[in-house]
Ligand SMILES: Nc1ncnc2c1ncn2[C@@H]1O[C@H](COP(=O)(O)OP(=O)(O)OP(=O)(O)O)[C@@H](O)[C@H]1O
């Protein structure tokens, strides 16, 4: 089969299984950012050196949850899922072993595993912190105190870690425990350029100002333990931010504020401790703090550790030697004092780290009832440098142990199984490393045992120790004595030869606290510091008195191996693609070496050549019996039934053992696929029936609901239409009223305009009429005047004529009368009476004339003259009357005389009566004219009043008219 361009996701599928093929496959996948590849059950993870958040997000977790192994592309979640499912289904503990060299991505992979397991087995946070939250948050705390920048990794874990996640019977996380291995103690006092010390020191130096002041800290370059390297900062990392993040994580894992304060106080004390420089004292081979600065740091260290400064100085510069005879206090030279100081710093730091791990474990809590666990091992990979010390020895010892576990699982157990089951099998050669392990750990006689022995003898040196090694293992095929060195030794590990320098082995292996240090800090006033140095248990035997790092580590590894052996292992091999720590660089040689060290190539070979899948007969029949029901019905024995099932499915190359069926790679998957097909068909039938039933029920309910909804909708629609209609009617009404209002308004405007026009016209007509009447009046007046004048002229002429004729007549009549009077003179009384009557008449006429005169003066000036004329005529008449009266009086006198002489004769004068009547008629005419003019005047006044009123009202309406209009309006 040709490999696809993007590579295959399982290398057992490769057609040409050789090193270049494997490398090419990994390379082509890495170029596509496919960092994970399977090799059978082993997952190879190549460090991308760049964030790929999309492959670790929640969606991805959901995808991998419960997905069959191999169905989705290779992923760390798939391995965790398999481990979890196996634990839940089979009730067996599982472990995931993550290995690889420094910087290969073990810690990141472990974090992903833990996140995914927390996702699978997590529960909703009910009361504050959950176990999984605490497990996850323990990472930043441990990283702050156990990680440092090295040349190979900016965040290198300087300890091994095995996290046991305990689950309850429902598969929920119920507890957890963290075991740590072999913290690199030497880093506390010794840092190579360009590496860094543990992160916590730098974090504390970047803490908020008040803490810096409290702990009397300064820039990292001022501290001896930090300034041995010129690297103080990490690119893209903020120590100040990480300090706060660490404090938050400490809160979550249950470290109280008081404890946190004590922890950082101790960290600060270690920094100050490192700055205590010694110089020669007055006595021989004695030492004292070098200067004031050293004294200041001594004092500060004592303050921070809450112990006596003098006692601290003594503990650093002196040693107490107990001999059977006496107790001797021996001074240390400056060099030894510095070693003592560094020893104290290392002890304090390692105890602090152990305290943190214990605290986290206690705070998370263990579940004693838990039966299953998933262990995740993140441990340093194989190391081979130019100079390899005790740490590399222990690390490589660990890797040998793990390799053996891997061998046992993948190769040895495979082959043993084949032999046990008596199947045809041509054995594959594999490198068994038991001899290396024997070389290192065998008791007695192993390197660790010899090292312990050397440490117990005070006079031993690394030379004596090396010689001992050379003598003991001179014929061991895994032990080589280098030709050019007298103290180095080489071990031929499974991954290659490593040459160790033994000069520090003894010191680094010693695991005892100097009694003076123990005493000093055990008596600290700070409970936390005193707690780090509990009183040592009473020694029972001499052998138990001595404890070495090497043997303690060996015991820890033994216990770890026991745990791992009781679990079903899963392997993740992390690979570092380049030493530049940069993405997209694939260094072939480097990677090939790592694959070889991780046993990946061997695993590929055996997976393909052997029978990676096996099942007990009953398990196989249980699982795949449904593929050939006739094989079960025939009452065959299990072995035959298994054979029939496989033959029916056309499988070839499988083997039937004594109790198990052995399948070639991929055959199990094929059978599973067939089984899934059959199950799917059956499930489909059941689903069909159930679905029909459910769908019918749902349909009926739906129909009912639809009818209700329709009724409701129709109701709504009708009400909507009704509402619309109502609105329309209202709109029409409003329109109607609006139109009416508009029409009325325009009508009113028209009406008032017509009125104005009419008023104008009427005014014009009235003006015309008024002018006509005025003219008529003037004419009448002129006519009246003319007639008056004519009548007056006629009257004057008539009166004159009348008076003349009257005078003549009266003269004649008077003479006649006189004669009569004379005749009637005798009747005096009658004459007297006539005389009185006449007098009265005269008086009356006089009164009337005066009245007329006054009236005429008031009325018209024109008549004044006439009246004057009348008056003058009246005066004339009066004169005449007087004359007449005088004549009458004369006549009376005459008559009196005549009467006296003769009887009087009385005759009435007709002329006076006629004049009076004429005057009366004229007066009546004048009165009539006056009345007529008075009436007109009154009418005119009234008209003017009306005009004035109309004018006022029109003004209030805002109209302005011509004066002629007012007149017309006045008339209206
Ligand atoms: N899956 C990943 N995705 C992104 N970056 C990664 C991944 N794995 C590793 N890295 C990067 O590689 C660096 C080193 O990884 P890590 O600390 O996990 O290595 P390690 O094998 O644990 O090293 P050491 O043994 O020194 O602790 C990380 O800081 C990170 O930057």
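Including glycine, each Cβ sits where the backbone N, Cα and C put it.
What TrEMBL records for 6-676 is domain 'Myosin motor'.
TrEMBL lists 100, 101, 102, 103, 104, 105, 106, 107 with the feature ATP binding site. In the three-state DSSP scheme, residue 101 (ATP binding site) is classed as coil. Around residue 101 (ATP binding site), taking its Cβ as the centre, 26 other Cβ atoms fall within 10 Å, counting all chains.
Annotation comment: TrEMBL describes 557-579 as region 'Actin-binding'. Mean model confidence of the region 'Actin-binding' (557-579) amounts to 91 (pLDDT, 0 to 100 scale).
The coiled coil annotation in TrEMBL covers 824-953.
Fewest Cβ neighbours within 10 Å among the binding-site residues 100, 103: that distinction goes to 103. Other than the site residues 100, 101, 102, 103, 104, 105, 106, 107, same-chain residues with C-beta atoms no more than 8 angstroms from the centre of those residues' C-beta atoms, the ATP site, are 47, 153, 381, 574, 576. Each of the binding-site residues 102, 107 was assessed for Cβ neighbours inside 10 Å, and the highest tally belongs to 107.
Residue 104 (ATP binding site) counts 25 other C-beta atoms within 10 Å of its own C-beta, drawing on all protein chains shown. Per DSSP, the secondary structure of the region 'Actin-binding' (557-579) breaks down as 9 helix, 8 strand, 6 coil. The Cβ of residue 105 (ATP binding site) has 45, 46, 47, 574, 576 as same-chain neighbours under 8 Å, each 6 or more residues away in sequence. For residue 106 (ATP binding site), the same-chain residues that are 6 or more apart in sequence and have a Cβ closer than 8 Å to its Cβ are 98, 99, 100, 157, 378, 379, 380, 381, 574.
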